[in-house]
Amino acid sequence: MTSERKMLVTSALPYANGHLHLGHLVEHIQTDIWVRTHKMLGIQCISVCGDDAHGTPIMLKAEQLGITPEALTAEIKLSHEKDFKAFAIDYDYYHTTHSPENQALATTIFERLQAGGDIVKKTIRQFYDPVKQMFLPDRYVKGTCPKCAAVDQYGDNCEVCGATYSPTDLINPVSVISGASPVEKESEHYFFDLPRYEELLKDWTRKGHLQTEVTNKLSEWFEAGLKQWDISRDAPYFGFPIPGVPDKYFYVWLDAPIGYMASFKKYCDERGVSFDEFWDKTSKTELYHFVGKDIVYFHALFWPAMLAASGFRTPTAVYTHGFLTVEGQKMSKSRGTFIEARAYLAHLHPEYLRYYFAAKLNGRVDDLDLNFDDFVNRVNADLVGKVVNIASRCAGFINKRFDNRLSSELNDPKLHNDLLSARESVIDAFVSRDYARAIRQIMDCADKVNQYIDANKPWVLAKDESKLNEVHAICTMGINLFRILITYLKPVLPMMAKASEEFLNSEPLHWGSIDKPLLNHRINTFKPLMVRVEKEKIEAMLAQSKESLMTTQTKENTPVEDSNLISIEDFAKVDLRIAKIVNAEPVEGADKLMRLILDLGDAQKQVFAGIKKAYDAEELIGRLTVMVANLEPRTMRFGVSEGMVLAAGDGQGIYLLQPDAGALPGMKVK
């Protein structure tokens, strides 16, 4: 089975400042299944990826660790590649954006944009850290919200009232890096003139290159008006210098998508493949990007505009997926559900997760929930109970009674053809990225096979020597039907498929190899292909995740400046009280807010707290916390907030303060 189609497929580049977690794996498993499906069809389908290795967070983390950014990103890249390999995610080339190929391509694209009049210079004002001597990105400034007066809020939005603003609007701003008060400074920046390409983008986004939900979302952004895109950053910065411009660097989001091209360029250079055949604006090949919904703006607006403006082809399609939740909630370090790939691998088989994600992915932008009871049931019932059980039941008789040799004919060719007739529909489901539909169809086929074996009961017939020919025929039929099933599952379960090929003593399975059954064929001794999931292993994984991530949490250690000191009299003005949460409910229309009713012993107060993503309402009711009881009430669009609860945070999670046993509602905190 061969095809003249040529495809290049990419996944979003994982950021090179930390290990992979299960949220990353949703996309990379989704991509890998799709690529394997097409390779089994005989299509030249090349998949590339790499680490996103530039930006301020990497520069600062390397500094914190006392190593160079190059050393940090090289170490993380090895970790990412090791995890991908363990999960059978097989890119044809895995590179890094910190590479000569990427620098050359980024420079070429920038110079072409500049020559075409698409680069605009503007002087902007932004916060500058006088201690670190660097301009501060929005998330590296904190202060008091200018709208609701909530303290310790980031420079781009308030987690309490939901307001968005400029960092320079903050009251009493502080640098997250040094603790110093930032000053405003001017700097000349380079902008890509995105509005020039509005009509091109409107046309491109409405021609089937995106899912309908994404196209509709982009329409909202078009209505709001496209803005020129800042593509430069000031030194110090870890990235590529802008040619001929001292102390200016390309913004990480300029060279990150160019990293797709750079990874493929490296692949081409090593294998003698034509780069231009795939990236020239007249290319007849196909280009597909798999991305998360949080980076659609970059991939569906900036990226195609930048490619078209610099003389390269635009993507055939950008496929977007939703986020991963665990037990219906955002992944949480405190609950142990922020699970790194390596923590999962220490306890569970990687193909359990590949199968589970496949059973839930449907080609839309819906979020995907990992529910561990469902996870156990699907793996144990489907993979072990249905599919593997067919091979183990039939192979035992073939191995022991018939010298490992299958019979010379099928005793139910109609059933064999019935399973084969599902092939085109299964392929279509995989190609359409509706893996859940493919899995349902495959399990329907598995049910038919198990019904056949249960109806014929070879284990009963085997007790009668005169019935051994029937046993031979039934088990030969079962092995051949299993062969069809494992071929259908091969894009999802490549490791199990390889083990099955060895057991079946067959050539690598593909979509066209299963028409002719294995008859009068010697198989090898069966070895268990997959074992049942044990709930204890899931519990151990969650416990490890909670322990390891909590102990390695980044500690906020902001230096205290003399100018920030307050007197004991000032502190005494703050009335801190023990409060019991008697009711909690998420605020509709607010991503982060939870409405709390707090009992202070002799009174109740309503407080809006930015803890919605960290806690479920049910788990808050009845617990004690600490609140600022004498804060001036403030009117928000959701109601009046009469105080503030105290919580700790590290930029990754929020942890509500809770007093020790014996504290009662209304007690003063001294």
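For all residues, glycine too, the Cβ spot is worked out from N, Cα and C.
The model shown is predicted, which means the values in this text are computed figures rather than measured ones.
In Swiss-Prot, the annotation motif ''KMSKS' region' applies to 330-334, one of the ranges 35-39, 330-334, 520-524, 650-654.
Motif ''HIGH' region' is the annotation Swiss-Prot gives to one range among 14-24, 113-123, 410-420, 597-607, and that range is 14-24. Counting residues per DSSP class in helix, strand and coil order gives 3 helix, 2 strand, 6 coil for the motif ''HIGH' region' (14-24). Across the fold, the C-alpha of C145 (Zn(2+) binding site) and the C-alpha of K333 (ATP binding site) stand 26 Å from each other.
In three-state terms derived from DSSP, C158 (Zn(2+) binding site) belongs to neither a helical nor a strand segment and is classed as coil. Highlighted in sequence order, P146, K147, A149, A150, Q153, E159, V160, G162, A163, M636 have their Cβ within 8 Å of the centre of the Cβ atoms of C145, C148, C158, C161, the residues recorded for Zn(2+), and are not part of that set. Cβ neighbour count for K333 (ATP binding site): 20 (other Cβ atoms within 10 Å of its Cβ, all protein chains included). Long-range Cβ contacts of C161 (Zn(2+) binding site) within its own chain (separation 6+, distance under 8 Å): C145, K147, C148, A150, L593, F608, M636. Cα spacing between C158 (Zn(2+) binding site) and K333 (ATP binding site): 22 Å, rounded to the nearest whole number. Its Cβ placed at the centre, C158 (Zn(2+) binding site) has 21 other Cβ atoms within 10 Å.
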